[in-house]
Structure formats: structure tokens, C-alpha cells
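**Q** To start, I am sharing the structure in question, which I have written as C-alpha cells.
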Amino acid sequence: MPSRKFADGEVVMGRWPGSVLYYEVQVTSYDDVAHLYTVKYKDGTELALKESDIRSQSSFKHRKSQSSSSSPSRRSSSRSRSRSRSPGRPARGKRRSASQSREQKDDKKKTIQETSLALPVLALFKRSENNTERYNGEPESTEKNDTSCVILEQKLKPDLEINRVLEQYSLRSRKDDKKKEEIYSEKKTFMAVKPIEKVPTKTKELEFGGRIGTFMLVFLLPATVFYLLLMCKQDDPSLLNFPPLPALESLWEGRVFGVFLLWFFLQAVFYLLPIGKVVEGLPLSNGRKLQYRINGFYAFILTTAAIGILLYFQFELHYVYDHFMQFAVSATVFSLALSIYLYIRSLKAPEEELAPGGNSGYFIYDFFTGHELNPRIGNFDLKYFCELRPGLIGWVVINLAMLLAEMKIHNLSVPSLSMILVNSFQLLYVVDALWNEEAVLTTMDITHDGFGFMLAFGDLVWVPFVYSLQAYYLVAHPTSITWPAAAVITVLNCIGYYIFRSANSQKNNFRRNPADPKLANLKFIPTATGKGLLVTGWWGFVRHPNYLGDIIMALAWSLPCGFNHILPYFYVIYFICLLVHREARDEHHCKQKYGLAWERYCQRVPYRIFPYIY
């Protein structure tokens, strides 16, 4: 095993990924398995670099002394020259000293060295200029993708600009234009042939309580779902009134599991239909972009048509209510089997395809958080499919089944006002998510988290069976509300939805095209990654305005259930805890990614989710 060359805390020169520019960095840690150094730039940005991309500062000083004609042979020949003559100026006479002959022989080598030196100097000059410029709320730069080798090549200054900097730092000029073209063509060839690839390092900071916490969550999450569903069936659903455990044989039925499989694969067929546009996701660590077909809303329309046909032929949809616990058990078994498959296949996945947060080397942790970032079977993206299709559309179908069950059990000609509000609010939420399906490609679930038990169980079990808890509760515990109360609750939901949608649209539009004239009024803080941090609009109000809108809507969904029991408010309580935890994860990742720019953003926007509170 090769020994490490640079020690922790050592100040060295690190190459910026995808370019030939070197900056002064400090080594913070070293990964013995991946053989990567974690370095920190002056602006706080942290990156993982290979040892070949790091050089000592002395090597740059040595190059500078060579190109400044400080060798003994040059000093001996300089007596016959004028002191005002530059080191790169050729001799006027035909006689040449021995040192001048050596200078001519090694001219090409030194020219290459000067090119290598000129680029770091230019980079350091520009970097210092960006860091010392005071931000006034209206930076001139817009978002650019610094990971692209093509864009970095376009950013390189032309030869006239390089010559100007060379002259400013008294470096040797090139001998002739032909050699300059050769050097520049070699530089372009090098950048095209050998792009820098970021290889994911081992996950060092474990979340969710580490190995012990994730092990417990594998059992605690299904137990929570079953407990909530059993409580809703109780005549007195108080927290202290623990429900009796059902017989094990009553929790499983092959027919129910078959219906669940039919539902899952029906949504898979809708996903594979060649309808809807195909878009690219955000760049991966190796610069590659995956393609995704955006047809979730079409799948919802087809599902609605299929459910309508079933109801036309008098299929009793309240069958879902009668076997709700068995459906939850079937979904749990399926998500567990899917998680095992995902982990086994991830063991053969290339290193660059592993999730940055699920590559710890510990089985239970990687199994829970997800070891592979984007597992695919051909073009079928498993994580992206499960994110919106079976669980989210299934949530709406379950709500409809609860509405029909309420009408049948209580002999109602029309659903109760409470049930109508819950179904309407949550239907709007689901339709909005499917209509703006492309926005999910920029979320942490897609860009950072791997696909393991956490997301598989969350998408297939937690979302459809916990998010529908209010509708399930109202079937067994009908609640009457007045029209004025319904109007107030509706206004509250509309406020939350407006904040949620407008904030997400603002963010997604800015990420996709920050130069859009429609966004010209938005101010942002530029970062070392080339992306900008919005400090106006909703994102200048709080750091996560979309979370604020989500929580307001969650409260509006629970209020139609009344105040007799806290059980229907489990969703809003859980959601606050979830979003506060996710916000903490976002803060940690953004601090590592954006460095000092994130600190400036936090100073401009001090409140995280709740204005003037948190």
C-alpha cells in the first residue's frame, strides 16, 4: 500500500478539478482506502483530490527561479548584458556563451515550465480578486457549471491575456508564435484526454444514529406504521390505550399481496410508456448526466381512468379499507425484499456510482441509507420511479377508498365535509408534485441519498399508509365541522401551498437557468462552485421557505379531524421533526460545499424555517 506524501495540516498547491489551475490549499484528511486527500481552499470549499493533483509549494518556487534566470550559468553571462534587458530578450550579436547555448537547447522545456507557472499565477490573481471584492447584493456573475471541462476550457484566457500577466510578474516570454501554438494545443489535448473525475470517498460522518440507530430504525419504522393503523381502528384511539396485537395469520393474505404487485407493475408499465419529455438530471460526480422521462402526470391520468373503469363495473374499492393492515404488511415485505436486492447489486457497482452518504463500509448503515446512488435496470431508474409513482399515486387511491368506505359504513349519500377537505387538499398536493415532476431531480433524495431501505420503505409504505392517516381516521371517527371553520382551514392550506409552490419554482428556475430575464430581479451570493445562493424572494425570507409551506399545509390537513385525539396530528408533528432534521442535514452539506459563501448567506438570512422563531 502506498504511503501518503502529504501530512494533515500541510499547506500545498491543489489542482482545481477539471482544469490545469493550481490553488493554495490545506490538507485536512486522507482516505487510506480510496487514496484521496481532502483539502480545503481559502474560501472554505472542501474537495477530494488524488495525490497526483497535489504538489508542494516548493515545486512552484523552484519553477519560478528557473524561469527567472537565476542559474549560475545565467548569472555569469549576465555581466555582458545590459541590466535593463529582460531575461527573455535574445542576444544581439552572433556570439553565444556556453550558458546561452544551453538556454537555446532547453528553450522548449522552459517554455512549458513558464506556461505551467503562468496559469497558477493567473488563477491566484483571479481568486484573490474574487475574495476581496465586497458583495453588494448584486454580483455580476451568474451560475455556471464549473465541473464541465468544456466550459473551463472556454474560461481560459487567450494568449494576449496570458502574456500580460507574464509581463506583470516578470516571467519569460515565449520565443515565437509557433511554439506558443504548440504549447496551447498540448494544453487543450491534455484537458480533453484526461478530465478530472471525482471518486466518492468513504462516508465518515454517519447520520441517523450511526450503525446502532439505523439498525433500530429498520424495525422501528414498520412498527410505527402498524401501531398507527391499529390505533385508528380503536374506539378510543388515545395514546395510552394500546391496541391488542392481531393474530399473525390475519396480517397476511396472498390475494392482497398479489393486488399490491399488480399495482406496482402497472405503474412500472405507465412509467415505460414513450410519452412525456426526456430531460437530463444534474451532473454526477464524474460529470455525466442521466436522462429521465417526465410522464408522472400522464401516469396519474391513466390511473384515474383505470380506477374509473373499475368503479363503472361496480368494483368495491372499499376493499382497500377492509384489508388496509394487510396491504401495509405486503408493502413492507416488498420494500424489504427490494432493499435486499438493491444492496446486493450495489456491491458490484462502480465506485463512482455509489452514494456519497451511503458508502461507509458498514453493512447495516449502507443497507439503510442506500449504497448505490442511481440503481438502474437498463433505462429504468428504480429510485426515481419509486419516488413519485406507486406510493404517491397510491396515496390518492387510498384516500378515495376511505371516502367510499365512509359513505358505505355510515350510509351517507355524500362524503362528510371533513373527508372532502382532506381528500381535496392532499389531491392538490399530489397533482402538484406530478405536474412539477422535473423539480424532484434537484432534491436531496435524488442528488445525494442512495436508494436503500430508508427510501424504499418511505416511498412504498410510509407515504401511502401514514400520509393517508387523516382519511383512515375519519372513517372510524367521523368529525363534523362548520362551513366557516372549513373556509378558514381552506385559506390556511392555500397560504401554505402558495409559499411551497412559489418558493420551489423560484429555486428550480434559478438552478436551471440563472440568466433567465424573468429572474433578473433576484439577488444572489456567488460561490466557489459557480452556483449562486438566493438572498431575495422567499429564499431571502427564511433559508427553507418550502419547508415552511409544507408544515402549514400539514396542519391544514389535520384540522378537519377535530381536537378529540392527537392521533390525526401525528403527521404534522412527525413532519416538523422530519423537516428540522433534513434542514440540519442541508446546513451541514451546504457548509461543506459552499464554505464562506454559506456563512455570508446565513448572516443575510438568519432564520432557518420559522421566521423570527427558528
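Going from the start of the chain as shown, residues are counted 1 onward.
From the backbone N, Cα and C atoms, a Cβ is placed for every residue, glycine too.
What TrEMBL lists as compositional bias 'Low complexity' is 66-75. Taken from TrEMBL, the feature compositional bias 'Basic residues' applies to 76-97. What TrEMBL records for 102-112 is compositional bias 'Basic and acidic residues'. The domain 'Tudor' annotation in TrEMBL covers 4-62. Taken from TrEMBL, the feature region 'Disordered' applies to 53-112. Here TrEMBL flags 212-230, 250-273, 294-313, 325-344, 455-475, 481-500, 521-542, 562-581 as transmembrane segment.
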**Q** Within the domain 'Tudor' (4-62) only, compute the mean pLDDT.
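**A** It averages 80.
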**Q** How many of the residues that make up the domain 'Tudor' (4-62) does DSSP mark as helix, as strand and as coil?
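**A** For the domain 'Tudor' (4-62), the helix, strand and coil counts are 9 helix, 28 strand, 22 coil.
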**Q** Against the transmembrane segment (212-230), which of these stretches has the most C-beta pairs under 8 Å: 250-273, 325-344, 455-475, 481-500?
**A** 455-475
**Q** List, by number or range, the same-chain residues at least 6 past the transmembrane segment (250-273) whose CB is under 8 A from its CB atoms?
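**A** Those are 293, 295, 298-299, 302-303, 306, 323, 325-327, 329-331, 333-334, 380, 385, 389-390, 393-394, 460, in sequence order.
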